[in-house]
């Protein structure tokens with residue numbers, strides 16, 4: 001507890017605020033003692049004098065020194081504000097905790113009353129109470145105190161409700177302890193801290209409000225004076241001596257700010273651990289490297305078969321991390337041909353989603369994409385974005401994301417979100433685009449499409465939303481659909497529908513598909529070719545048909561083995577891959593999988609194997625392993641600790 | 001901008017559909033009920049005001065030296081010698097017919113006083129609100145985009161610090177400072193009254209700057225959050241131009257949360273006119289209510305409190321309706 005409070009003081013803002021608050025309080029205590037007589041001294045020779053060496057802020061209409069009066073007024077201003085905030089907190093506490101003590105019916109009525117009162121601004125309530133209690137300091141204290149009560153009542157209600165939900169309160173209630181006793185013993189001690197913090201902030205606001213009332217002439221009355229009263233007198237003579245209004249104004253502002261900042265920094269210090277967000281600041285990095293990729297890409301374009309839709313060479317993704325740049329994708333190369341379905345599989349953190357975002361240029365600004373070549377339909381995606389490219393991509397490259405619950409804009413109708421593609425990129429009128437949206441939703445087998453386009457995303461089920469998302473991709477005429485875990489967030493029953501739909505679209509229109517998944521079975525079922533990723537690299541590229549029977553990389557084989565099938569003995573624990581995935585911030589030398597690999601030898605830990613077609617393997621099968629295809633030892637007998645130990 | 005080509009659902013559908021199935025109708029019923037309850041509380045409280053004053057309010061208003069028969073006559077004029085239920089019914093009947101009583105000081109009908117003063121206050125509040133929104137939305141969106149995740153740490157720190165300090169300055173102190181700088185030192189703008197267009201500048205800005213900064217802060221935080229949302233990535237995947245993504249997709253989602261706080265700011269702004277009007281000698285309700293409190297002109301005070309309260313209720317209603325329009329989910333949500 002003590003430590004947390006000192007931590008508050010140690011932040012620069014907290015320290016400033018603490019010093020200010022201490023200074024204000026000291027001034028309140030000492031001011032009248034030191035300057036009380038000086039502030040009252042009437043100097044008829046210097047009435048309404050401008051600032052001078054003798055009177056730094058000038059004098060008022062009786063020739064009294066403004067600066068001294070402002071200093072002396074600190075005590076009254078602060079005392080009145082503290083009185084007011086005390087009234088507000090006490091009344092708020094009573095009103096806010098009463099519903100708990102009173103029980104359901106009258107408690108609810110009281111809470112409703114507080115809710116109505118809270119809707120009215122404090123100043124309005126203060127004016128109301130000022131009328132009731134009369135003009136003057138006492139009336140103003142009561143007015144501001146009572147006007148602040150509803151806000152504290154609301155706060156107390158919320159806090160009490162939070163504590164009451166906890167187990168020990170329920171236990172106390174079950175033991176038959178009275179509600180009042182529970183409130184005092186269990187609830188109040190637990191809400192004291194936030195209340196005190198808010199009261200500190202409230203003290204600043206009370207001071208400002210009090211100044212407001214005195215400034216209106218409704219607060220402190222002559223011959224007493226607080227800052228508001230001085231301001232009231234000062235503004236009347238602002239043309240003669242502006243300092244008479246500005247100095248009390250500045251005093252109020254400084255003191256109010258001190259209390260506010262103190263409260264805010266205490267709240268921050270108690271709620272959020274200090275030092276957060278002080279990690280490395282990566283200075284403005286451009287997402288797209290300015291220098292163009294190697295010219296080799298250009299010449300090679302001629303020899304490439306024309307049916308290549310997407311061509312990726314040596315793709316790297318770099319993101320800023322807390323301890324320097326991290327490279328979650330480290331040199332990935334593949335191509336996708338017209339109508340081909342490529343699956344990318346791997347554990348979370350293997351870089352597969354990063355790859356998807358990089359090849360579609362959707363990686364947010366903090367990531368940097370480098371590649372020897374990144375071409376989609378012959379267009380260089382590494383070049384700066386242009387309107388023409390946006391149009392091409394907008395109509396020919398479709399994306400399907402993992403979570404259909406969040407991938408649609410919740411504030412717009414489904415139809416409008418689909419139609420947007422057509423109005424922006426295909427120059428359609430709104431009417432034509434709307435008609436196309438209906439047509440596309442029907443195409444992805446959404447029943448009653450004309451009515452459905454008028455609905456909002458929250459009115460769709462998860463599976464329907466994912467189909468609508470695919471339908472959105474079909475607004476243009478896509479050559480490639482990139483689907484990043486499209487079924488992961490869905491019920492098992494609708495997963496198959498979505499996969500069938502993707503397959504159907506691919507077959508019907510010769511659309512290429514890049515399907516990213518952690519699920520080997522899904523990928524094996526839908527795709528022609530599978531890329532297995534591990535620690536930001538492709539470790540195996542093989543035909544889907546070979547996955548179960550002819551996988552050569554130990555990691556791929558482990559992934560396949562981890563899938564339970566009809567012959568799996570359910571009494572045994574399910575097979576897992578021992579060890580943990582590699583942290584992208586700390587990729588070991590050599591083969592990244594070596595630490596988890598039963599075949600790993602000295603060469604694996606020293607040299608990273610390249611992705612090549614095996615000498616005896618089929619041509620369409622590439623693997624990055626020094627021990628590709630070697631028989632695996634029996635899984636038992638290996639110690640977990642030994643596996644995660646780094647060399 | 002946010003192109004909706006389909007007409008919104010009419011609030012009332014064809015007969016036979018059940019209320020439950022129509023969110024707009026349910027929203028309207030619920031919201032109307034809350035408005036009526038609040039209105040009743042407000043009217044009752046404003047009626048009760050004069051009765052809550054300790055001692056004899058009429059004696060208090062006229063002073064201890066006033067002759068007893070004058071006090072008695074005044075009590076009669078205010079209807080204070082009737083039974084309280086009769087007074088209450090009388091008050092309600094008066095409100096319904098637009099009769100707000102008679103000023104004790106000027107002897108004018110209070111309704112006339114309000115009608116004469118209300119426009120100036122209304123114009124001031126509406127202008128200040130428009131300025132606040134016109135400043136806050138672009139400022140919040142731009143700083144939000146500049147300080148989105150992984151960007152502009154320094155901009156964020158500068159903006160947050162400045163906005164905390166600016167937001168702490170109460171409107172009337174800002175008003176005094178503006179009077180000094182632009183009225184007295186520079187002499188560019190008039191500092192009192194509402195006779196000319198330039199006279200609007202300082203009062204409107206003193207009222208607008210605080211809420212504008214707070215609103216901009218909220219919009220910034222919301223924008224930063226929304227720009228991380230999946231649907232923004234979807235919008236980028238649709239290859240929409242940046243301005244469509246920011247204004248069409250991100251902003252409406254950032255604004256829904258900002259509106260809730262914006263509503264509170266707006267009602268605070270309504271009340272803030274009281275102080276600012278007194279700084280700038282603005283001939284509105286705010287200067288009238290203060291004068292009436294000082295002269296204990298209770299019928300006028302009562303009526304103006306009621307008008308401010310109704311203003312706040314209308315503001316809150318407008319915010320809720322705007323929320324329901326912008327965020328289709330909010331009207332389904334119960335309080």
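Placement of Cβ uses the backbone N, Cα and C atoms for every residue, glycine included.
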Practice item. For the transmembrane segment entry in TrEMBL, name the matching range from B:85-108, B:157-180. Key: B:157-180
Revision key, fill the gap. For TrEMBL, the entry transmembrane segment belongs, out of B:35-53, B:54-72, to B:35-53
Exercise for review: Using a Cβ-Cβ cut-off of under 8 Å, list the residues of the same chain that are 6+ residues beyond the ends of the transmembrane segment (B:200-219) and lie near it.
Suggested key: 123-125, 127-129, 131-133, 135-137, 139-141, 143-144, 159-160, 162-163, 166-167, 169-172, 174-175, 178-179, 182-183, 189-191, 194, 254-255, 257-258, 261-262, 265-266, 268-269, 272-273, 276-277, 279-280, 282
Check your understanding: Looking at the stretches B:35-53, B:122-145, B:254-280, B:300-326, which one shares the most CB pairs under 8 Å with the transmembrane segment (B:157-180)?
Key -> B:254-280
Practice item. Take the transmembrane segment (B:254-280) and find every residue of the same chain, 6 or more past its ends, with a Cβ under 8 Å from one of its Cβ atoms. Key: 121, 124-125, 128-129, 132-133, 137, 140-141, 144, 170-172, 175-176, 179, 191-193, 199, 202-203, 206-208, 210-211, 214-215, 218-219, 222-223, 225-226, 286-287, 289-290, 308, 311-312, 315-316, 318-320, 322-323, 326-327, 330
Check your understanding: Is the transmembrane segment (B:35-53) packed against any residues at least 6 beyond its ends, judged by a Cβ distance under 8 Å, and which are they?
Key -> 60, 78, 80, 84, 87-88, 91-92, 95, 298, 301-302, 305-306, 309-310, 313, 317
